[in-house]
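Visitor: There's a structure below that I have some questions on.
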Amino acid sequence: MSFPRWTVPCAQKKQMSNSSSPNEFLLRAFADTRELQLLHFSLFLGLYLAALLGNGLIITAIACDHRLHTPMYFFLLNLSVFDLGTISTSVPKSMAISLWNSRAISYSGCAAQVFFLVIFILAEYFLLTVMAYDRFVAICRPLHYGTLMGSRACAKMAAAAWGSGILNAVLHTANTFSLPLCRGNAVEQFYCSLPQLRRLSCSGSYLRESGVTVVSACVVLGCFIFIVLSYVQIFTAVLRIPSEQGRHKAFSTCLPHLAVVSLFVSTIIFAQLSLSISSPAQDLVMAVLYSVVPPIVNPLIYSMRNKELKDALRKLIQWVQCRHQ
């Protein structure tokens, strides 16, 4: 039995449209009414400017103050760069959606957003692992700190964090965007996220991404175990310090990093759990928590209890005021 000639192209066209990639994706908007859209735009604009100001001040203060040219502050500078990259990749597009009332993002724009988000988020996680090692050496191996944490070693560790993030971004982006998308082009998130994009792919093709995901999960779990073991040894060494002042000083150098790690890991875990047990609205809130909140809170955590950093920030602000006057 043969089909009429005019039905074959239609069937082929339908099959191609079901398995090919769309030219654009539709991101999720926070609100439908114009008033709420403008409220969302104003709120995100304030949060974005706060993140730019806080992380920008830390980067400038560390770069300009020679007293802060130490491994701990070198890693903190990189952490602020990652935070700025994370929030700058996701938030501006969401603000544009509310301002212009257009949910569309191009295929290449979505791929670029996924690529840079994976770089900054995973590189920040690897950098937090390196910072845990830095604190471990400083407290548990103080006599070898200058040797183990020299300038060349610190540069290699930071480069490894950047390289690991880029490698994972290439693998995840290439695998995800090579999958045929059969379930429309509506992304249920305010940015292009890997889990939401995978939900649009054909169920049989999802296995292609599983290998990369398992490898990345093992690396992430290994870093987490390393951080936990490092802090177990750090706290054991700190509790052995005889003087209370010495213990307080040691704790003060570790608590900001531990708070940042706890905030980063907890928001990521809750966000991943929400993908399967919560509503789309809760997914939206959790995505805000791990992509917007850490870049804003991290500068506050590191500057509140750090006297050297506060002095450098104070001098920087006074210098700017003098130049302005």
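Cβ atoms are placed via backbone N, Cα and C, with glycine included.
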Visitor: In TrEMBL, which of 72-91, 172-191 is labelled transmembrane segment?
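Guide: Of the candidate stretches, TrEMBL labels 72-91 as transmembrane segment.
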Visitor: Please determine whether the transmembrane segment (284-304) and the transmembrane segment (72-91) are in contact (criterion: at least three Cβ-Cβ distances under 8 Å, sequence separation 6 or more).
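Guide: Result for the transmembrane segment (284-304) with the transmembrane segment (72-91) is yes.
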Visitor: Grab the same-chain neighbours of the transmembrane segment (214-238) for me: Cβ-Cβ under 8 Å, and only residues 6 or more beyond its ends, written as numbers and ranges.
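Guide: Same-chain residues near the transmembrane segment (214-238) but 6 or more away: 122, 125-126, 128-129, 132-133, 135-136, 139-140, 164, 168, 171-172, 247, 250-251, 254, 258, 261, 265.
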